[in-house]
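Structure record follows, encoded as structure tokens.
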Amino acid sequence: MASRYIREFLASEAFKNAGREVSDVVPRLVKFLCCLQVTKTHLFTVTLSYGPSMLPTLGLAGNLCLAERISTRFEKLGVGDIVLVQSPEVPWKFMTKRLKAMEGQSVTYFVDPKNSDKSETIVVPKGHVWIEGDNIYESNDSRKFGPVPYGLLQGRVFWRIWPPKDFGSLAQNKGKDSVS
């Protein structure tokens, strides 16, 4: 009995029309998803930044930001830019930090700002950058793991999407440089 209903449904005009609609929608959906993947991989990506390391520039509870990937590909990043970085310690983790020095530049930093005023100066080696959080007291950055290979930079964070009250460009928030 059930097989008779199935045969009737498969022979019905409604089933044939549904099949035509699906065959029209599927290629469009595949094209859209491909476009989305290319955009995310090569042009722009959305990132969530949370935690105390970028206070006061980015909030503690979480900021949804837009990062462009073109600057990293063409090496157009500059000191003071906020960058999206793949963690050198935990490869599946991404961090948002400020670019403090490029290769060949010297940078002076506090080794342990919570407990002492001891500072060190280093020259960033070739193919590396120096990154720090804006909140030096609560940031896991180059002061802990040293210079970061340029290849770990994933993009330049330039626009805050969330929270709505802070919606806008992050360009005006460039921090003080400690580069000589």
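We count from 1, first residue shown onward.
Using N, Cα and C of the backbone, Cβ positions are placed for all residues, glycine too.
Values in this document were obtained by computation on a predicted structure and should not be read as measured data.
Going by TrEMBL, these are the annotated features:
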type: DOMAIN; residues: 26-109; note: domain 'Peptidase S26'
type: ACT_SITE; residues: Ser53; note: active site
type: ACT_SITE; residues: Lys97; note: active site
type: DOMAIN; residues: 120-162; note: domain 'Peptidase S26'
Helix, strand and coil totals (DSSP H, G, I; E, B; other) for the domain 'Peptidase S26' (26-109):
25 helix, 29 strand, 30 coil
Quick one: give me the count of other CB atoms within 10 A of the CB of Lys97 (active site).
26
